């Protein structure tokens, strides 16, 4: 099962969004991989090093592939994560 | 090596009666404290040397050690993230969360396990597994290269667990800690919680190192420049830090301990103080943020004589914007009071120094160069008039707006602004022009503001020699005696070996100071001293005798200096100052002031 999602957070798959992405992917039993949409290369979504290493920027499309019983739920959760902008800090 | 704890050495002399051992350095705070040693080793001497022969290593046990270290590091990171979320905010906490991600990364795990299988002990395996990834990130640009720092941080955390090296979170030390370190950076020391730290001592640094200055403003007993001997003090042992005598006492006797615990300052007095013949001297504090301003108000300071705005700019990726600065300045003024009958109607004043970077004060995103922007390079007002003109404009807007706000608030202190490291009338005129142009902009925009009292800092011989001309143009002059001493004596604050030469009690520095006071008064400006000497009660008589109107110091000594002022008689003080000025050597100056030989 796979899905193409546009990365909304300005910083892309980096820092806070990257670490949220990895920890969310780890909550599911499915094997999840992620890569830039259209370039055929994906990396394991459970690796902070690999995900950060993609250097995906805000506005780019990523391909998420999930394989397992809860694949649909995992894709839903990851899509919703990448579709919401990072909230502004309350204390600026 | 990181490990402390060796036998007594020849440099220090154990007292055969009490078993005490004393290590000497330079005392920077006239306070003593007793507590338990924690070593701060930021780069933790995590040198591993060469790995042992593979056949002497048990791969199963090493794998186990690695997993235990990961679990311990993870627990520590999660606790730190939770604390950060509660105290400093989400940004810091998110960074720590990301570190958990790197720590538990399957690529790291498999890399380490491959290496332990080949017969490397866990710590070597960790080093090797991280090295590739660090290199990869370093080879990339911009924000990716910064991740290499995160990886190094995570690696070092793991290594500390594997090697059993203590790591210290300076914001969360156990109560009664005496912190020892090779050196402390300004950003290290601002994170210290003065309520938990009983004292600190460093191997390097002199009286005017910034770490020492901040220790003083936090009121921490501190001794710097102890040298390598400090290494022999074991973590967990009990020591006394005597910032007055400049010694760290190991195995303190019951008497030494009791004396340190009983160390108390003069009572806090909130009212203005006068000499016995009625000359009022403003006793103010040097602060770096609003919390320090509040602490200073609690210690009875009559305002702030030096607000170092650099600290607003440190420890972040970009400069604070106008509104953030405005808030910070207003809050600092609100820590003090407006005019009250008890003060004869005189309101407090908070003197904000515009951004003073360069010298030994670095701000990563400003691209400062150690030589080009060093002590004899572009620093202080010159950067604000040149390379950082945009930051200067933003800061002036925030300051003028804040001045307007606090002037309208009878409960709040007034705001004044001074420019750092002025070297010429031209520079001062240019800075004053910027103020006018910012005021004109604010007028056009219909934004509320007020023109604050304006002043120039006198830190260079050039400024001291032309003090009368500078004073003609401003409301006040403020002498930074640390820089003035370094420049008059040509003795860099970077060089520990020149520490003795940077003493403001050299006749040359005293003459520069006297000339500045004369120039200021000739130009109808008041004059303050905000260098370290202002906080030494033993020098209060000299400064009052020279005609200084305001003394500004680390908040800790405000009560002592106030007590001293109240004891002085102006004519006698002036006579003392005259004799000190007539002395030919520093030694004679010290004798005149009744100070012991150095």
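Cβ coordinates are placed from backbone N, Cα and C, and glycine is handled just like the others.
Annotated region 'Disordered' per TrEMBL: B:1-58, in sequence order.
Annotation source TrEMBL lists domain 'Phosphotransferase system enzyme I N-terminal' at B:25-147.
The coiled coil annotation in TrEMBL covers B:63-94. In the predicted structure, the coiled coil (B:63-94) carries a mean pLDDT of 81.
What TrEMBL lists as domain 'PEP-utilising enzyme mobile' is B:173-246.
What TrEMBL records for B:264-568 is domain 'PEP-utilising enzyme C-terminal'.
Summarising the annotation, TrEMBL assigns phosphoenolpyruvate binding site to B:308, B:353, B:482, B:483, B:493. On its own chain, residue B:353 (phosphoenolpyruvate binding site) has B:306, B:307, B:308, B:309, B:417, B:418, B:419, B:420, B:457 as residues at least 6 apart in sequence with a Cβ closer than 8 Å to its own Cβ.
Per TrEMBL, Mg(2+) binding site is recorded for B:459, B:483. The 10 Å shell around the Cβ of residue B:459 (Mg(2+) binding site) contains 28 further Cβ atoms across the protein chains shown.
For the recorded site, residue B:530 (active site, proton donor), the DSSP three-state label reads coil. Taking Cβ-Cβ distances under 8 Å and a sequence separation of 6 or more, the neighbours of residue B:530 (active site, proton donor) in its chain are B:286, B:305, B:306, B:457, B:478, B:479, B:480, B:481, B:552, B:553. The feature active site, proton donor is assigned by TrEMBL to B:530.
Packing around residue B:308 (phosphoenolpyruvate binding site) is summarised by its Cβ count: 24 other Cβ atoms lie within 10 angstroms of its Cβ, all protein chains included. Annotation note: residue B:308 (phosphoenolpyruvate binding site) sits in a strand segment as assigned by DSSP. In this structure, the C-alpha atom of residue B:483 (phosphoenolpyruvate binding site) lies 5 angstrom from that of residue B:459 (Mg(2+) binding site). Counting other CB atoms no more than 10 Å from each candidate's CB, the binding-site residues B:482, B:483, B:493 peak at B:483. If you measure from the Cα atom of residue B:493 (phosphoenolpyruvate binding site) to that of residue B:459 (Mg(2+) binding site), you get 13 Å. For the recorded site, residue B:483 (phosphoenolpyruvate binding site), the DSSP three-state label reads helix. A straight line from the CA of residue B:482 (phosphoenolpyruvate binding site) to the CA of residue B:459 (Mg(2+) binding site) spans 8 Å.
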